[in-house]
Amino acid sequence: MGGDNGFGAAYGTAKAGVGLSKMGVLRPDLVMKAIVPIVMAGIIGIYGLVVSVLISDGLKQRMALYTGFIQLGAGLSVGLSGLAAGFAIGVVGDAGVRATAQQPKLFVGMILILIFAEVLGLYGLIVGLILNTKASGGDVGCS
């Protein structure tokens with residue numbers, strides 16, 4: 001569940017890091033400015049950590065089936081949206097950083113697209129948090 005989030009963050013970091021390395025050869029003066037996609041990809045991983053800690057706080061030996069499925073849904077919503085956001089950040093970060101090396105005016109456009117990609121992961125976090133708050137209801141248990 002939350003591991004998908006880590007896959008997305010790792011892919012985004014790796015893909016954007018490759019673009020940053022290639023861009024750094026041509027324009028070493030822009031390396032610190034172009035590190036933004038890598039930082040944004042790392043933030044995606046934090047979303048999964050937050051929801052995983054909240055879900056693990058509610059785990060018990062015997063719990064309602066309803067609670068288990070709600071927690072599964074919360075983890076999947078954060079994990080899969082984080083995976084998608086990490087992929088988007090990686091692809092946009094790689095291409096955007098390389099394009100910024102050739103035309104610095106593209107930096108603002110790259111940042112805007114990265115923000116829209118990051119928000120995909122944030123939406124999953126919000127849904128996961130809402131689902132996790134509803135996980136305490138239900139009285140159908142497994143025996």
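Even glycines carry a Cβ here, placed using N, Cα and C.
Per TrEMBL, the features are as follows:
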type: DOMAIN; residues: 6-55; note: domain 'V-ATPase proteolipid subunit C-like'
type: DOMAIN; residues: 72-131; note: domain 'V-ATPase proteolipid subunit C-like'
type: TRANSMEM; residues: 34-56; note: transmembrane segment
type: TRANSMEM; residues: 63-87; note: transmembrane segment
type: TRANSMEM; residues: 107-131; note: transmembrane segment
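Listed as Cβ neighbours of the transmembrane segment (63-87) (distance under 8 Å, sequence separation of 6 or more from its ends, same chain) are residues 1-12, 41, 44-45, 47-48, 51-52, 55, 117-121, 123-125, 127-129, 131-132, 134-142. Each residue in the domain 'V-ATPase proteolipid subunit C-like' (6-55) has a pLDDT score, and their mean in this model is 91. For the domain 'V-ATPase proteolipid subunit C-like' (6-55), the number of residues in each DSSP class (helix H, G, I; strand E, B; coil) is 47 helix, 0 strand, 3 coil.
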